[in-house]
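According to TrEMBL, the features are:
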type	residues	note
COMPBIAS	241-250	compositional bias 'Basic and acidic residues'
REGION	231-259	region 'Disordered'
TRANSMEM	7-30	transmembrane segment
TRANSMEM	70-92	transmembrane segment
TRANSMEM	99-120	transmembrane segment
TRANSMEM	126-147	transmembrane segment
TRANSMEM	159-180	transmembrane segment
TRANSMEM	186-206	transmembrane segment
TRANSMEM	278-296	transmembrane segment
TRANSMEM	316-339	transmembrane segment
TRANSMEM	360-387	transmembrane segment
TRANSMEM	393-417	transmembrane segment
TRANSMEM	429-450	transmembrane segment
TRANSMEM	456-476	transmembrane segment
Amino acid sequence: MARSQLLLRVATFLTGLLECIAFSGLIFGWTSLVFVLKSDHYFQDLCEQPLNLTGNATGKAECSAQDSKFSLIFTLASFANNFMTFPTGYIFDRLGTTVARLIAIFLYTGATLLVAISSAGTAPMLFAAFPMLAVGGILFLLTNLQVGNLFGKHRSTIITLYNGAFDSSSAIFLIIKLLYERGLPLRVSFFILCAFSIFHLIRTFFLMPRGHIPYPVPSNYTYGISCSRGANGSQGTKGGVRKEEEELRQEVTPSPTLQESSGAEQVSFRSCILSWRFFWHLVWMSVMQLWHYLFIGTLNPMLNQLSNGNQDHVSSFTNAFAITQLFGVLCAPWNGFMLDRLKKKYQQEARRKGFPESMADLHCTFPSLALTSLLCLAFSICASIPILKLQYFTFILQVISRSFLFGGNAAFITLAFPSQHFGKIYGTVMMLSALVTILQFPIFILIKGPLQGNPLYVNIVLILFTLLSFVHPFLVSRVWHRQGKHV
């Protein structure tokens, strides 16, 4: 590989990591931002006056009507984050990276501007802003996942690293909260975020392909606008890129993971989504994702309840939660590293036993799937115990579990399904799981209403549903063992 190509790929990887860690998953720092929005009196007109301050509260009280509005905004944003992944994944597959990223930049810029110009009197603007921010962020992640293709045997590690960075980006709202407490207005922070759209545009045109990064990557593969290829002007550059991509399409046909060793006919998208593998992966993803979204969306009122309204404690625990999110970028790569190592091991074993290599790719996901289910079960049990100090441990389990969940989801789809369907399958999983995440708002209303703030019975039911996630790794493992009996 030429030195210039290596530098280009490293620059793409590092700037992609920065993009994911600073901009893609901002919505999941919602708990920190809610604290700021309450301080700026968003939706406070819905609260009864005088405010019902409890315990050692220092200025802000728990208000169910206000909390319901914030919970609904986060529900809509997290729903949009998942549901819109299918249409945006389709756009990414059909129209390429540049078009998908321009849509992402438009949504991101519009969202940050809406928040920047909003106020307590125009609080309903948040209902549009945060779903836009969520969709723009997931598109940034989706277009960056293909960067793993540039690094061959480290592909799964990079995919999970980017997903971990996506989780860690929720800490940006913690930074906004800390700056707010030191006098920087919320609108200034969001104007600064809006200005970073220039960074996304530069990266789109200079460090990303117009189409897609193929896998495996040809030795002479280049992408982006460079001075050497653009000497005759932008028109010549674009033509050069189109010509190069056409040559790549002729040279490299995407090799579906399911049959790349067997030489079988390509598997259709329809057969993928109608398979048991897809169904149980969807169940695995949905039940655990619901836990995480419900926890994030209801953390602020839960902390208010456990601390008896003491806002110093609420602020302290909110900061602790946001800080733990920073470590998602460090947790997720371990999942990818495990997948890459196991993939190499099982491929050697598959060749020795005469198994298809695609089966080894599938089987290497078993430990990752099982460990993620176990982590989520432990997290959900801790989150259900109403002890304030125990929540520090809950935060740790939550960030590890969540980084394994989203990184493992992308890695499993990459290894278990044809590569040419990645965007559509990833989008379908996220879209259908979004329908499940909508349940977080009625669950919140159920807890605040009929259950009078006691989530115990809801938590027990959700823990039982979490046990369903163990079916998926069991079935994946059974495929390998059944193949062994037929050899």
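From the backbone N, Cα and C atoms, a Cβ is placed for every residue, glycine too.
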Review point. Do the transmembrane segment (360-387) and the transmembrane segment (278-296) share at least 3 Cβ pairs closer than 8 Å, excluding pairs fewer than 6 residues apart in sequence?
Key: yes
**Study point:** Contact yes or no, the transmembrane segment (316-339) and the transmembrane segment (456-476), 3+ Cβ pairs under 8 Å, gap 6+
**Key:** no
Check your understanding: Who are the chain neighbours of the transmembrane segment (7-30) in space, where the CB to CB distance is under 8 Å and they lie at least 6 residues beyond its ends?
Key -> 70, 74, 77-78, 81, 108, 130, 133-134, 137-138, 140-141, 144, 147, 150-151, 158, 161-162, 165-174, 193, 196, 199-200, 203, 207-208, 222-224, 296-297, 322, 325, 329
**Study point:** Distal contacts, the transmembrane segment (456-476) - CB-CB under 8 A, six or more residues away
**Key:** 276-277, 280-281, 283-284, 287-288, 290-291, 294, 362-363, 365-367, 369-370, 372-373, 376-377, 380-381, 383-384, 443, 446-447
Study note, to complete from the structure: Counting Cβ pairs closer than 8 Å to the transmembrane segment (278-296), the top stretch among 99-120, 186-206, 429-450 is 429-450
Point to revise | In contact by Cβ distance (the transmembrane segment (70-92), the transmembrane segment (429-450); 3 or more pairs under 8 Å) | key: yes
